[in-house]
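Colleague: Have a look at this one.
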Amino acid sequence: MASPLVSIENVDMRYGGPDGTLAVSGLNLKIQRGEFVAVVGPSGCGKSTLMKLTTGLHIPQSGSVVVANSQVTKPVSIVGMAFQNPTMLPWRTTLENILLPLEIVERHRHRLRAHKAEYVAKAEKLLETVGLKGFGEKFPWQLSGGMQQRANLCRALIHEPELLMLDEPFGALDAFTREELWCVIRDLHATQDVTIALVTHDLRESVFLADKVVVMSARPGRIISEHVVPFARPRQLELLYEPAFNEMVQKLHGEIATARAAA
Amino acid sequence: MSSTETRTPVAAAPKPALKINWVRLSPVLYTIGLFVIWELGARISGLPHTILPTPTRVFEAIFQYWSPIWKNSVQTLYTTVLGFLIAIVAGLGIGLFIGWSKTIYAGLYPIMVGFNAIPKVALVPILVIWFGIGTVPAVLTAFLISFFPIVVNVATGLATIEPETEDVLRALGAKKLDIMLKVGIPRSMPYFFGSLKVAITLAFVGSVVSETVASNSGLGQMMASAQSNFNVPLVFAGLLMLAVEGIAMYALMAWIEKRMTGWAHRSTMSN
Ligand SMILES: Nc1ncnc2c1ncn2[C@@H]1O[C@H](COP(=O)(O)OP(=O)(O)O)[C@@H](O)[C@H]1O
Ligand SMILES: [Mg+2]
């Protein structure tokens, strides 16, 4: 088997100097190319820290983080990120927001001006994929929360990252919009050649979307168990009402409750 | 049947056209009302012109002394706008510098607040020692008094970028300069343009104060010398000119703000 896309080994990460908060400790995680991994765990256990370690926003005090066969020592631009807060820039149209990463990433920023039409076409295709066809000229404040989050996904994908990292992206949305977006993510993963890591506190979300669900302990966080999700793809929303699905959700729920109690 | 149908809209249409927009009109009406009350008050109380001149007497003075009033108004506008323009350049520069990093912001902000606490009037004598009386101290006082709000607003706009936005960009390999150009500076623009309204008002305070104590031209100086000649209507005429200039410049800044940062108003309105 090929080497994993992400390999985190024995990582400790402490915030704010030697006496600061130990956020994660003895963290081990491997993510294979093309895999969809969901990370669940009690609040404050270091899930976002795990994301930031993988993208190179934080460098751990000990242990190693390897992404695409190279040690992470600075931000890695093969990653796209999306957070719960869509952070669209209000002075740019949706389309201009989506093109923003191209103005930053080394490999695209020098080509952008000359190949603008090509990139705009790509952005519009992405918008169509997430169900926002024709909304490119709208400003973010003209979009609903769910639509902003869709645009946010487009922004995370525009530079064709190998790894998409989603940190509780649907936390602020209502149940129906959230299920719609689950399907958007599911289809993105099925059609684009991308590896996805999703942090969530919604266990149904993690089981519905992921190939593998990893459970973290309370702070300092480490992985306490990994569960392969057995359900065949493509998965439909009806799956949410099947007994086997709910059984798995309940098992995860129990584990996290124990992890919280242990803290 | 068809004739009534065509007539109804014709009959209805002129109604809204005739309707007076009282809200739009009210500033004018209130201003006229203020002058009327002032006129009546001054006449009924019987106070002499040397204490409270009537508005008609003040307008008479404006007419009578139009040439010096015009010359001094232009001078005051010139010193104010020049000081204000320097304040914009320096304010933007210092604001960008202070907002650049959280450490600089934390270190320099208290110093700026301390500097701002000094009444700028107290600096006029020093400026006179350095530059002599006249235009230079007036311009500098206008500058010193008006650049602070610009600095604070620009720096605050930069220093309060959402950490998540910064993370998204840094993960893509963005340098500090990229983040400032793409996010920091655009997002501080509404703060900057908002501060211009405050700054231009303060710039008038600075230039007039300096003209009053250390100049031989400008509305401040004109009013001071009119006062020593007991020409009270001319003093009031100067005040009126200052009000006109102040309102005009404020309106200009408000207009620029609206033109440049419309997105900020619309996006906060929807939230
Ligand atoms: N920048 C930071 N400075 C100091 N402590 C932090 C910082 N970011 C996170 N922490 C702490 O590290 C722990 C893990 O945080 P985080 O990874 O955000 O948890 P999660 O995303 O699982 O809720 C928390 O206790 C949090 O308070
Ligand atoms: Mg988090």
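Glycine too: its Cβ is placed from the backbone N, Cα and C atoms.
Below, the features straight out of TrEMBL:
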TRANSMEM  B:21-38  transmembrane segment
DOMAIN    B:73-253  domain 'ABC transmembrane type-1'
TRANSMEM  B:77-99  transmembrane segment
TRANSMEM  B:111-133  transmembrane segment
TRANSMEM  B:139-161  transmembrane segment
TRANSMEM  B:190-210  transmembrane segment
TRANSMEM  B:230-256  transmembrane segment
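Buried or exposed, and what's around them? Tell me for each listed feature.
Modeller: Distant neighbours of the transmembrane segment (B:139-161): 79-80, 82-84, 86-88, 90-92, 94-96, 98-100, 102, 105, 109, 112, 115-116, 120-121, 123-124, 127, 131, 179-180, 183-185, 187-192, 194-196, 198-200, 202-207, 209-210; these residues of the same chain sit at least 6 beyond its ends, with a Cβ under 8 Å from one of its Cβ atoms.
Proximity of distant same-chain residues to the transmembrane segment (B:230-256), defined by a Cβ-Cβ separation under 8 Å and at least 6 residues beyond the stretch ends, is recorded for 49-53, 57-62, 65, 69, 72-73, 76-77, 80-81, 193, 196-197, 200-201, 204, 208, 219, 222-223.
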Colleague: If we skip the immediate neighbours and take only residues 6+ beyond the ends of the transmembrane segment (B:77-99), which ones have a Cβ under 8 Å from one of its Cβ atoms?
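Modeller: Answer is 105, 108-109, 112, 135, 138-143, 146-159, 180, 184-185, 188, 192, 195-196, 199-200, 203-204, 206-207, 210-211, 218, 245, 249.
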